[in-house]
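Visitor: Relevant sequence annotations retrieved from TrEMBL are reproduced here:
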type	residues	note
TRANSMEM	B:27-44	transmembrane segment
TRANSMEM	B:50-69	transmembrane segment
TRANSMEM	B:76-95	transmembrane segment
TRANSMEM	B:101-123	transmembrane segment
TRANSMEM	B:130-149	transmembrane segment
TRANSMEM	B:179-200	transmembrane segment
TRANSMEM	B:230-252	transmembrane segment
TRANSMEM	B:264-281	transmembrane segment
TRANSMEM	B:288-307	transmembrane segment
TRANSMEM	B:319-341	transmembrane segment
Amino acid sequence: MKLKHTALIGATIAGLLATGYAVAASEQFIGLPSYRVGPFGSNGASLYGGWIDYMAMVNERDGGINGVKLTWEECETEYNNARGVECYERLKTKGATGNTVFQPLSTGITYSVLEKVAQDKIPMVTIGYGRTDAADGRVFPWVFPMISTYWTQASAIINYLGTKEGGMDKLKGKKIGLLYHDSAYGKESHAILDKLAAKHGFTVEKLAVANPGNEQQAQWLQIRQMKPDYVILWGWGVMNATALRTAAKTGYPREKVVGVWWSGSEEDTIPAGDAAKGYTAAGFNVAGANYPVVQDIKKHVYTKNKGNMEDKERVGTVLYNRGVVHGIITVEAIRKAQEKYGKGKSLTGEQVRWGFENLDLDNKRLTALGAAGFMPDLKITCADHEGGGKVKFQQWDGTKWKVVTDWIEGDKSVVRPMIEESAAAYAKEKGITPRDCTKEM
Amino acid sequence: MLYREAGQFKASYQEDQQIFPIRQDKLGFIAILGFFFVVLPLIASEYWLQAILIPVLIFSLAAIGLNILTGYAGQLSLGSAAFMAVGAFGAYNFILRIDGMPFIVALLLGGLCAAAVGVAFGLPSLRIKGFYLAVATLAAQFFIVWALVKFPWFSNNSSSGVITAQHVEILGFAFDTPVLKYLLTLAIVAVLALVAKNLVRSTTGRGWMAVRDMDVAAEVIGIRPMRAKLTAFAVSSFYCGVAGALYAYTYLGTVEPEGFNLDLSFKILFMIIIGGVGSIMGSFLGAAFIVLLPIFLNVAMHALFAGSMPAGLGSNLELIIFGGLIIFFLIVEPHGLARLWQIGKEKMRLWPFPH
């Protein structure tokens, strides 16, 4: 009796474990280094939720990519570099062909695995974060800081302020405050803003906020003394809402505060309450649930109760939609790679890398995907791993984000040479010979 | 019966004072070393080596460092992560700025930098004790991280303050695969752990323990508290510094000052509390517990509840169970895992005749 009992339990456990491996013959595995706890947990939950929902929708609506089902597994990183590396190693060999793509949504983790991805031949896509000079694909073949890097974004913000003033020459003599998160992420803004300040003749006043940023009285009192014409908010997580509240307390008009895209989500403005009204932020995707792609997710995923978001109200928020953008880019890259390496096949990371490098999402394709106006058009090449470089600006009206500009482009003539210079320095330090892009196919 | 010591006679003081006076312990330890040095590199996968074993070893070293200061010398410190950062950035700058700097020398010099900084921040310990000292070391934690971010020289003017560790090469031999990195880390940790074990059994170590138990009495019997406290800070910071350099060179490859934050200091403090305050072995057990348990919980959650539970709930549940287990262990055995092992060993020595 006892033996039988034990055998039964053993069989049950074996069955439980085996279900994880009993997958369809063709699958494409995507490892998700997500974070749902910790100071940035709510941001991670929205973004990875949107991404998972998009992949679930592709599986439900189209039966996968040319019949290849998408499978995925999450690994909790807690936004911590060491845990991120553990997740990277854990996810690396899962699935039929190993991990397809690694997108950690953390600049720190990006740096930690930067060299590993090249060894393991797994592409790393960092949409709107990560190492800026990786946009030079000749030096960083495996890293794709897509849509827009921090530097392009900073330049786009300055261009936006220029149009607001009525011309770039009007920026001369202006004073712009930069309130940044005191970390690798926040410091990415310095070099480019100094350069642009020299070019356009404005001055930059840099104010650091220590992590996590829930105390900013001193910084805003300084801002009140300096009276800058604009303040660029370069924050993340709890720092953003605190900045808006403290700005209101010290009487700095929020209309003059411009946030970067990691400062411009509902998670930042709703906790700030009325203090957020009038605040503008950049974004490479917009908010709203009325786009066909989000409607499709609702129709194919949420009506079947398969949605990933616990709070359905958050479908269509800025970060959720950003997750959908991650999903679209990942799926389209796999689709592109299948055109070359065989439709309906599971592809390796190396093959999908080719898909990313030859990704071309023009407006026609975006319309077909139901994402026209939702995200900018994007064309990746061997040399340029950034692609678009366009952002839209949205203003918070107290209840929702309202798009106030069309796509605004960064100043590539300033940014690109900086990227190439920095990448060349890295290549020299590491002894990398840059690829010759004329020979790549 | 398992631990039969009949017939093991000690005929000299030397024999009586060795680290493992019981033969079974010695053989067991050699077997464990053999397992970690020979068997594991052969059977363990890249994931186990790179993502599990290397960090456990590195954190064990940092925990030994903190244990010397807190467990043996009785000086509470919250700055261990900052001393790790000094070691990492120190080793980086030595290799970067001096041509042909050997890796091991850079590692030791990085540790010495940390030791020097540790002594500087240990000076307040001559006047203040307990929680007040903890707050003073907290200043070290924030000051060092701030300084590394503030002065771009430390990170070779990297725009974001991130440093990328150079390739590890010893005598022309490149340590570039996970197995080699693991063996290198293991060798360094093993040697330093042996040094630490002997240090705490020596005059220096006994001086630390005397100061820990009662500094006035220690002074009366002829131990100089200043010297004991500052050597404890120096040795402790040296260990943390070497651990930090290994963290950068054999584990992550790139580090930023922000990574060595207060959370990491607390994590190391938890390691020695869980493992056993005042025990070298406890440092290893504690580090293994704190590093492995969250990963184990994450994997177990996925295996058991994949798909049937909202992902956010799963992640939060892991933290709840982790915290619960820490409290459980502290209630069941406040002296840590090392004490559990000690009790188990005593029982085995008497078994099967406990009376």
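Backbone N, Cα and C define each Cβ position, glycine as well.
I would like each feature placed in context: is it buried or exposed, what are its neighbours, and how far apart are things?
Guide: Residues 20, 53, 179, 182-183, 186, 190 of the same chain lie 6 or more positions beyond the ends of the transmembrane segment (B:27-44) yet place their CB under 8 Å from a CB of it.
Outside the transmembrane segment (B:101-123), and at least 6 residues removed from its termini, the chain residues within Cβ reach (under 8 Å) are 75, 79, 83-84, 86-92, 94-95, 136-137, 139-140, 144, 168-171, 188, 229-230, 232-242, 244-246, 249.
Within the same chain, residues 75-79, 81-83, 85-86, 89, 117, 121, 124, 155, 161, 257-258, 260-262, 265 sit at least 6 positions outside the transmembrane segment (B:130-149) and bring their C-beta atoms closer than 8 Å to a C-beta of that stretch.
Here the transmembrane segment (B:264-281) has long-range neighbours at 59, 62-64, 66-67, 70-72, 78-82, 84, 141, 193, 196-197, 200, 209, 240, 287, 289-290, 326, 329-330, 335-339, 341, meaning same-chain residues at least 6 beyond its ends whose C-beta is under 8 angstroms from one of its own.
Within the chain carrying the transmembrane segment (B:288-307), a Cβ under 8 angstroms from the stretch's Cβ atoms is held by residues 52, 55-56, 59-60, 267, 270-271, 274-275, 314, 317-318, 321-322, 325, 337, all 6 or more beyond its ends.
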Visitor: Look over the recorded stretches B:76-95, B:179-200, B:230-252, B:319-341 and say which has the most C-beta pairs under 8 A to the transmembrane segment (B:50-69).
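Guide: Result: B:230-252.
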Visitor: Using a Cβ cut-off of under 8 Å, list the residues of the same chain at least 6 residues beyond the transmembrane segment (B:319-341) that approach it.
Guide: 270, 272-277, 279, 281-282, 285-286, 289, 293-294, 297
Visitor: Given a Cβ distance threshold of under 8 angstroms, which distant residues of the chain, six or more beyond its ends, lie next to the transmembrane segment (B:179-200)?
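Guide: Counting only partners 6 or more residues beyond its ends, the transmembrane segment (B:179-200) has Cβ contacts under 8 Å with 19, 33, 36-37, 40-41, 44, 49-50, 53-54, 57-58, 60-61, 64, 68, 72, 107, 168, 170, 208-209, 235, 239, 242, 246, 250-251, 280, 284.
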